Amino acid sequence: MRIVVPVKHVPDIHSDRGLTPAGRVRRGADDGTLNELDENAVEAALQIVEALDESERATSEVVALTVGPVEADAALRKAFQLGVGSAYRLGDDALAGSDVFGTAAAVAAAVRTLDAQAPVDLVITGMAALDGLGSVVTSLVAAELGLPQLTLASRLTVEHGQVEIERDLEGFTEVLTAPLPAVVSVTDHVNTPRYPNFKLIMAARTKEITVLSLGDVGLAPDAVGEAAARSRVVESAPRPPRPEVELVTDKGEGGLALAEYLIRNDLV
Amino acid sequence: MTASPRTVLVLLDTPADGLRSPARELLTLARSLGDVTALALEAPSETTLADAASYGAGTVLVVDLPGDASVGARLAPVAAEALAAAADRTGADLVLLTSSFVNREIGALAARTLGAGFVYDTSGISLTESGVVGSKRVFAGTWDVECAPTTPRAVLTLRSNSVVAQPVAEPVVPGVEHLAVEPTAAATAAVLVSRTAHATAADQSGRPALAEASAVVAGGRGTLGDFGPVEDLADALGAAVGATRDAVDEGWVEHDAQIGQTGVTIAPRVYVGAGISGAPHHRGGMQASGVVVAVNNDPDSPIFEIADFGVVGDLAEVLPQAAAAIRAHKATQG
Ligand SMILES: Cc1cc2nc3c(=O)[nH]c(=O)nc-3n(C[C@H](O)[C@H](O)[C@H](O)COP(=O)(O)OP(=O)(O)OC[C@H]3O[C@@H](n4cnc5c(N)ncnc54)[C@H](O)[C@@H]3O)c2cc1C
């Protein structure tokens, strides 16, 4: 079983996030982390491999893959700490400014390249990246690869060459199945990610990250990045700070003050 | 040069039992952008057709899928193929959907096929001289961004409560047309084995659904498991009930009520958070709300940093008092 987990380097959710004048996510090596929701994807992949019998496990591998500049290695190091076996980064200046389609094309091309080395059975992603929150790249990657897509899994099982997921969607619980290979995204309810292991933390620092170029994955520079983007940010600005909060301390009439505020502002 | 109107295609969300408010809002916006055709993935009821007419859809295009259409249409890749086919049939250069996890997938996949630009979760869509522009709130509502598709065609999704739904003055009976769609093998490669509705709190209580409500009262760990005061204030306001993930994990409320980055994203006119600290994961789902009100017994709680109005106090006392005062006020308004 070979499982590829595409992961993303995102600004820390606790940091002051923002955009550059060019409308791109402001990134720094200092505050960037592995997208928290990708930890669930790594965990899901590790659990699938750990459940295999010994001989199958010996030939199995969990591969972390990211698309991004050298800073994105931080996300791959974290994936190593959690226990992935190898890591690849598709890095190329031409990738800057990619929209969801360019990103999906890049991820899919890298997966195809990995598949040519040794067949990939599953691609598992997190449900969303905590910067853009689009939740669409997984679907687009599946479409690029021509593989079945099973998104937003809150339960995931792989058995007899088949994947089955359960998901909760707007008042419905659905069960979906597909033959392998397939593309899956998992929510934060699917499992509890493990803590980095001390031995792995030490080892992660020096583990090798294979860097791929667009040429290595057979993509033309104008198929991705700003050149291919079908939308652009024409304006961006931090929202003006909220006015100072109107704070009331309850001494027996806090509820009345709350009601009065809502009535005064025509919110009742 | 003035912005020229578009040929607009709108995907209807729940065609079987009448339109929900997000679809009405979307149609209201759509008709200000151009000539509107609505797309139904399942045969619409009379109520739905009448609704679509009231909100300005001149034509309803109904997709005919082979086999059990209600199953296939639920799969994003199948729905996306139908949407793309409908855009080609109508020549639509603007395709609009309401924002939900499924609709974002459908919109993105259709845009991929159409070679169209895609902007999701907009809170406004306008036509300018240079084309379509979608406004977005990003980073937990702390940044405002304007996104412009650079392609002749564009697909956008609109968040609930971004516009006020308004019926047209004189509804016409929409023409109904049919479009047969044969999904590709790739679109049906993942099989929907079962789909079961689970009764949501909104259904059982008669409260509005969380994602579409214009007022939301949310409870967190500070409720200590008693959502009574939260529900009381919600009912006085006609609001939906929401919760933090911690409250859901404790089993105090069901999963559907979770607001946040991994739950429902809301942008009601007013959000009241009670016993909620205001963690970034929660803020990501509610910070775009119009007015934020917080009740928390800790004056240093981070939620007060993003609140417009706050009460430092015990929610078990503050909320029922507020609910009673609002009911009394409503009674005097007749
Ligand atoms: C990957 C990931 C995804 C997540 N996604 C989400 C998400 O989508 N949505 C979400 O909400 N969370 C999410 N979380 C969890 C989030 O980080 C916080 O843990 C959670 O929002 C905190 O919930 P809370 O405010 O109810 O609890 P707490 O942080 O414990 O806050 C409780 C508050 O209640 C106050 N309080 C206590 N008693 C009273 C009283 N009697 N009256 C008034 N106030 C009182 C306290 O002062 C405190 O401020 C996620 C976490 C992770 C790791």
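Cβ atoms here come from the backbone N, Cα and C positions, even for glycine.
What TrEMBL records for B:8-196 is domain 'Electron transfer flavoprotein alpha/beta-subunit N-terminal'.
For the recorded site, B:Gln258 (FAD binding site), the DSSP three-state label reads strand. All chains included, 24 other C-beta atoms sit within 10 angstroms of the C-beta of B:Gln258 (FAD binding site). Per TrEMBL, FAD binding site is recorded for B:Arg221, B:244-245, B:258-262, B:275-282, B:Asn296.
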Binding-site residues among B:Gln258, B:Ile276, B:His282 whose Cβ lies under 8 Å from any chain A Cβ
none
To which of the binding-site residues B:Ile276, B:Ala279 does the lowest count of other Cβ atoms within 10 Å belong?
B:Ala279
Students should find that the Cβ of B:Arg221 (FAD binding site) has, within 10 Å, a number of other Cβ atoms equal to 17
